[in-house]
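Per TrEMBL, these features apply:
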- B:7-28: transmembrane segment (TRANSMEM)
- B:72-88: transmembrane segment (TRANSMEM)
- B:109-134: transmembrane segment (TRANSMEM)
- B:110-197: domain 'Na+/H+ antiporter MnhB subunit-related protein' (DOMAIN)
- B:140-157: transmembrane segment (TRANSMEM)
- B:169-189: transmembrane segment (TRANSMEM)
- B:195-216: transmembrane segment (TRANSMEM)
Amino acid sequence: MSEVLIIAALLLTAFMATAVVLTRDPARQAIVLSGYGIVLAVLFVVLQAPDVAMSQTGVGTVVVPLIVMLAIHAIRRHHTREPDEGDES
Amino acid sequence: MTGRVRLLVLAVGGIGLAVLFALAAFRLPGFGGTVHPYGQRTLPNALAHHTPNVISSINFDQRALDTLGEELILMASALATVLVLRTVRAEQEESAGEHAYGAAQVFDALRITGYLLLPITLMTGVYIVAHGYLSPGGGFQGGVVLGSAIHLVYLAGDYPALARIRPIPMFETGEALAAGAFVVLALWFAGQVKAMNAVVGLEVGCAFVLALAKFFEQALLVRKDS
């Protein structure tokens with residue numbers, strides 16, 4: 001039973017990782033990355049590492065996608081505000 | 001650096017990593033076996049020091065020096081984020097009040113969910129830190145929950161409110177004090193798992209709030225001088 005669970009969790013992780021790579025729009029990719037973070041946390045729980053799963057949920061599901069979204073927003077904002085200026089960022 | 005040189009450097013690094021990884025992976029004990037050399041050494045030590053959560057015992061007692069390194073890495077990266085994303089001379093910062101991302105622009109359901117989740121999430125964070133030595137969790141996990149929880153205020157639709165409840169100087173002070181306290185605890189008071197848990201929770205929470213605050217400023221407030 002536990003081996004079936006582990007294989008299922010691994011397959012799900014591989015599926016979500018592929019989905020992240022195949023999503024081309026960065027903003028959508030951040031959301032898919034968040035989903036991948038949850039699936040990875042499930043894998044860690046299945047492998048009996050709840051402490052790591054908690055870190056993974058916090059960092060991989062919330063903080064990293066949030067930082068990516070904020071960075072994308074900042075870049076878009078700078079580009080729409082100053083269309084003529086060469087933006088070096 | 002031309003593209004070819006860059007590829008060459010990448011290839012050398014990649015091959016080196018692959019070789020080292022393969023060497024390490026082939027010497028790993030079998031998956032799911034009955035022999036756990038590391039567990040056999042850490043478990044008695046954790047029980048002898050009355051820390052039921054073995055992971056916390058390893059993090060804050062048996063391998064506290066490693067954790068010290070990790071904490072300082074986290075502090076250094078938070079510091080670097082604050083430095084790199086500061087408002088430079090060619091930019092200026094709008095006051096948070098100009099951004100009325102208020103009630104009108106956010107769904108009611110989202111606002112209510114945000115406000116309801118805020119106290120629950122904060123409590124969960126405190127619980128994870130406080131019970132880190134007993135059950136899964138600990139300073140880092142709880143700190144991340146605490147550090148990201150207050151951003152629910154922004155999710156609920158109000159950036160000025162978020163800016164009010166997280167005064168940056170206070171979090172900078174908290175970060176510095178907690179990091180200093182952790183160094184003292186790790187070097188001179190080994191084995192204080194509960195105290196180290198709390199201090200790490202504070203340090204991690206402050207670090208995430210500071211780093212995210214800088215990203216929020218860049219995304220919402222900072223603009224070039226026109």
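Heads up, the Cβ atoms here are built off N, Cα and C, so glycines get one too.
Between the transmembrane segment (B:140-157) and the transmembrane segment (B:72-88), the number of CB pairs under 8 angstroms, six or more residues apart, is fewer than three, so the stretches are not in contact. Residues 51-53, 56-57, 60, 103, 141-143, 145-146, 149-150, 152-153, 155-157, 193-194, 197-198, 201, 205 of the same chain, all 6+ positions outside the transmembrane segment (B:109-134), place their C-beta atoms under 8 angstroms from a C-beta of that stretch. Only residues 6 or more beyond the boundaries of the transmembrane segment (B:195-216), in the same chain, are considered here, and those with a CB under 8 A from a CB of the stretch are 56, 60, 64, 67, 71, 74-75, 77-78, 81-82, 85-86, 125, 129-130, 132-133, 138-140, 142-144, 146-148, 150-151, 154, 159, 162, 166, 168, 171-172, 174-175, 177-179, 181-182, 185-186, 189. Sorting each residue of the domain 'Na+/H+ antiporter MnhB subunit-related protein' (B:110-197) by its DSSP state yields 69 helix, 0 strand, 19 coil. Across the residues of the domain 'Na+/H+ antiporter MnhB subunit-related protein' (B:110-197), the predicted structure has a mean pLDDT of 89.
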